[in-house]
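Accompanying notes for the structure given below.
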């Protein structure tokens, strides 16, 4: 059975061992951005209680996003550019931050870069770095099983957004207990963001995106809020979810035909380089999440630029020989 839930807002700075004893590596948040929370005792099989709060909040968010579309012609061009810039920051907080850095440790980042990525990750509002990374490691280790938080075998809707509407399957919780997450808890940036997550989300996801257009170039607060905050946030959520749904169902499998993840160029465009999913699940340690070549991969370009600046080091890469051998052995022959 899962231990008592821990409110990240009230958790003081603790050592990695203290965090594990407190059980923060076990529970899932019920927040709208990143998971339906733990399954209630007594659930059997696939029966999982619906979290009606999440259903209501996500429905409200998407209705507000639809309304935001009406405001686009009324907004200043700078506001639209700002909203897109915030989308890119949001995406990097997930792709270069929670995903490639903290979940997979595919490269190393110095403190200034880790602080930047943590702030961008709070703008994404998809659960804090610790919980996002822990659940993603479970997803890779137990992909397409009941221990996978967004198991694609349960259908498109579940893998896209439905998994947020129910409490976590008990297998997700039980397998999550067994993962080694001491590296995450040892990072003071991860601990700080977890402790102050609610505050940083309010500031980075809503306050800053709204106030900048209003204060600097005189956009209305109404337009700023709905376009730079609500619409941008909703789009960024769905782009991330497309990796869990579309990229696990549609596309070719040139590296491993025996697994569900696919290569999907449309997901790559939206998720700034995360759509090479068959490659990524075959070589999860690769910082680029794609093969050598001129692939559209803005996240890789960003990490490379950070290396050029001296803020990132130790990029891990699958060798060409390793890739070609794997293609020949398990690929579907599409590349």
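For all residues, glycine too, the Cβ spot is worked out from N, Cα and C.
Annotation source TrEMBL lists region 'Disordered' at 24-44.
The feature compositional bias 'Gly residues' is assigned by TrEMBL to 25-39.
The transmembrane segment annotation in TrEMBL covers 50-70 (among others).
The annotation domain 'Fatty acid desaturase' is assigned in TrEMBL to 81-284.
If you look up TrEMBL, you'll see 82-102 (among others) marked as transmembrane segment. Long-range contacts of the transmembrane segment (82-102) within the same chain: residues 109, 114, 117-124, 126, 129, 132-133, 136, 184, 187, 190, 209, 212-213, 227-228, 231-233, 235-236, 239-240, 271-274, 287, 289, 298-299, 302-303, each at least 6 residues beyond the stretch ends and with a Cβ under 8 Å from a Cβ of the stretch.
Listed as Cβ neighbours of the transmembrane segment (196-216) (distance under 8 Å, sequence separation of 6 or more from its ends, same chain) are residues 8-9, 76, 78-79, 82-83, 86, 118-120, 122-125, 128, 223-225, 228-229, 232-233. Here TrEMBL flags 196-216 (among others) as transmembrane segment.
Nonlocal intrachain contacts for the transmembrane segment (222-243), taken as residues 6+ away from its ends with a CB within less than 8 angstroms of a stretch CB, comprise 33, 61-62, 64-65, 67-69, 71-72, 74-76, 79-80, 82-84, 86-87, 90-91, 94, 124-126, 150, 159-161, 205-206, 209-214, 267, 270-271, 274-275, 277. Sequence annotations record features per position, and here TrEMBL assigns transmembrane segment to 222-243 (among others).
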